[in-house]
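Annotated features, as they stand in TrEMBL:
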- 157, 158, 159, 160, 161, 162, 163, 164: ATP binding site (BINDING)
- 144-301: domain 'Helicase ATP-binding' (DOMAIN)
Ligand SMILES: Nc1ncnc2c1ncn2[C@@H]1O[C@H](COP(=O)(O)OP(=O)(O)OP(=O)(O)O)[C@@H](O)[C@H]1O
């Protein structure tokens with residue numbers, strides 16, 4: 001096995017194991033290398049059954065029995081109950097840390113699954129006025145009832161399917177059912193937390209609630225890291241089993257972005273009787289770190305006979321049980337009708353076809369020239385010049401706002417369009433595209449003068465003292481005292497001198513990963529010429545669904561087809577743990 005080919009973390013792990021366990025065989029060391037690579041790609045473990053007989057780095061893996069034997073003989077692999085850097089649980093090989101996160105999360109979920117405080121008929125009485133005139137079997141009404149009936153609830157749905165609208169009604173009902181309950185809102189990123197607050201404010205305004213109920217509803221959201229009290233110098237958050245969070249209800253938006261470790265910490269920090277309501281889109285890109293717990297949990301959707309009975313009583317509609325359903329399944333609701341994209345919306349249809357991996361349908365739709373879709377096929381060398389020319393015109397409003405040093409107008413103009421890249425490096429990587437925009441369109445040389453009026457930045461590290469979270473976007477504007485970087489904060493701004501900013505990048509273009517949790521009027525997706533492993537169906541879906549009004553794809557049919565053909569399922573043992581325990 002050629003260990004020289006292993007990337008950073010994998011090479012380090014293998015070298016460390018080699019030093020600590022000099023008698024370990026080459027096969028076991030190579031397996032550790034494979035595991036580290038897979039973990040880096042977001043998998044929680046390596047499923048030996050799937051890999052046995054396959055080739056990796058030019059070498060075949062042996063059959064299962066032999067492989068397991070050699071792993072356990074290495075000294076650095078133990079079975080559950082044992083203590084070693086790697087764990088072999090059944091046929092799944094884990095880094096010990098991820099194994100314990102997975103076991104802890106499964107245990108927490110199983111302990112918390114099941115009915116919450118209020119009775120179905122009380123829930124129905126609280127929901128009836130909020131859903132006046134809405135049929136008993138309406139998806140949002142069922143989702144609201146599901147969230148109120150269960151201590152752990154997931155509301156899963158694509159963009160604009162009404163997750164926020166539904167949760168606003170759930171919270172209004174909770175205030176009636178559980179007066180004085182402490183409700184907190186959170187999201188994995190600062191941007192997503194801000195969007196949640198805005199969307200919830202809009203949804204609350206439409207409910208026609210009395211002022212007392214409105215006053216009880218939260219109007220602030222925080223990031224999960226801040227909620228849990230993570231400190232920059234420690235991997236252990238302040239809140240945990242020993243010091244639980246002071247809340248009764250926690251709503252988390254964009255839950256598909258929560259990685260396994262964070263998910264596990266979050267559940268440990270929740271008081272035993274607290275309710276957890278997770279909102280998310282299972283088809284979006286999963287977290288950057290390992291795990292895809294939200295998407296996996298959604299697979300448990302389906303009701304037990306008791307769960308179906310409770311939901312029927314809480315909604316007034318007939319409900320069927322699903323054979324083999326679990327208590328966690330009782331808490332899962334799916335929303336499918338998008339209220340944002342109408343029936344003939346190109347964006348909605350593009351999202352559907354891309355998500356289904358329908359390459360021919362996606363390409364045909366893009367070629368139709370619908371008013372909200374555009375496609376410029378070809379290699380980057382062909383489409384980059386016209387893309388920059390079009391962008392030059394699109395930046396007019398932003399330029400004027402920057403000249404006026406008007407942060408409101410600047411943010412409005414800036415958020416109208418975002419360029420989204422697939423990768424960081426290479427000619428169509430986010431770094432190169434930002435440099436092109438800066439030098440060609442903004443006529444700045446960032447190497448000589450990194451700061452200039454109009455420079456947009458994305459923060460790469462949270463800084464609690466400055467009130468900045470990873471992913472926050474700021475705009476640099478000129479003022480009487482020099483350049484300041486403006487960040488939206490509450491109803492106003494926080495203006496910082498550039499030197500105070502934590503790590504950041506220029507943000508005319510973002511990666512699709514960085515754009516998660518944000519929305520823009522228009523999205524231009526820039527595809528690399530060659531296929532890269534990070535290109536996938538969910539990446540295209542995530543990029544497309546960031547757009548409210550218009551999507552333009554710049555890139556070849558071949559690259560798009562390669563992306564849609566790749567449906568990444570992250571290896572994990574979470575579902576098996578949850579199913580077997582029930
Ligand atoms: N039942 C409904 N009837 C009509 N309009 C609705 C309904 N539900 C939601 N909407 C509208 O659709 C839009 C999207 O709703 P909402 O923000 O609740 O969806 P979401 O799933 O939270 O979206 P996102 O993916 O952006 O988080 C809002 O303008 C909302 O007012």
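Glycine residues also receive a Cβ, built from the backbone N, Cα and C atoms like all the rest.
Looking only at the domain 'Helicase ATP-binding' (144-301), the predicted model's pLDDT averages out at 90. For residue 159 (ATP binding site), the count of additional Cβ atoms within 10 Å of its Cβ stands at 23 [all protein chains shown]. DSSP assigns residue 157 (ATP binding site) to a strand.
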